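Okay, so here's the structure we're looking at.
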Amino acid sequence: MKTALLSLILFSCHIWAVKHQAKKCTEDRECEEIWPGSTCQRARCRCPENYVRRKSPSREWVCLSVNDAATGQVGPPLTCPLPDGAGYQVILRGSSTNNLLSPPVLCSSKTNDCETGYECIQGLSPVDGLDGACCPDQITTCAHPIFDHESGTLERWGFDGSECVKFKWDPEKPSSANNFKTKLQCESYCVNIFA
């Protein structure tokens with residue numbers, strides 16, 4: 001059963017990668033599907049203001065928020081794309097408990113030397129000579145649990161295993177990478193890779 005599921009996942013990712021390989025955009029909608037607020041400029045998707053575009057082995061590209069979602073101030077130099085503005089919460093950590101106090105697993109975005117289920121995303125600035133952190137890849141992101149915070153004030157979308165559902169998010173509380181700004185982004189990340 002595990003082998004069949006792994007084969008399906010790998011085949012789906014291969015089909016997705018072929019469909020999205022170095023694709024040039026022609027309209028904003030194509031970019032918006034991958035990252036909310038992105039626009040098509042000169043046949044290339046551009047991230048919104050206060051975001052930087054970074055290469056993603058599983059998604060082609062992602063946008064990193066320069067600002068922390070909880071404080072609105074400039075965020076840490078290493079972060080993951082999701083949750084938006086709080087990606088530092090889901091960086092792979094160098095301990096068995098994987099808590100925020102453990103050091104992050106650093107990597108080189110040129111070699112993508114992260115463990116299975118993670119990919120190297122170049123940070124906002126290098127740390128200790130390495131330019132990236134190991135972040136959940138597309139499949140791992142979609143497999144993470146949804147952290148629905150009753151006290152949350154921000155509406156978000158998460159993949160529950162079959163569809164994208166709405167929930168409330170509090171950026172000051174622990175979260176997972178399964179946290180999308182829009183339903184379209186959630187579907188693009190999770191639902192559509194198995195379609």
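For all residues, glycine too, the Cβ spot is worked out from N, Cα and C.
If you look up Swiss-Prot, you'll see Cys120-Cys190 (among others) marked as disulfide bond. Look at Cys120 (disulfide bond): DSSP puts it in a strand.
Here Swiss-Prot flags Cys164-Cys186 (among others) as disulfide bond. Under the DSSP three-state reduction, Cys186 (disulfide bond) is assigned to helix.
Sequence annotations record features per position, and here Swiss-Prot assigns domain 'BPTI/Kunitz inhibitor' to 120-190 based on sequence analysis. Per-residue confidence over the domain 'BPTI/Kunitz inhibitor' (120-190) averages out at a pLDDT of 94.
Annotation comment: Swiss-Prot describes 1-17 as signal peptide, evidence class sequence analysis.
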Report, in whole Å, the straight Cα-to-Cα distance of Cys120 (disulfide bond) from Cys164 (disulfide bond).
26
Cα distance, Cys120 (disulfide bond) to Cys186 (disulfide bond), nearest Å?
21
Among the disulfide-bonded residues Cys120, Cys164, Cys186, point out the residue whose Cβ has the most other Cβ atoms within 10 Å, with all shown protein chains included in the count.
Cys120
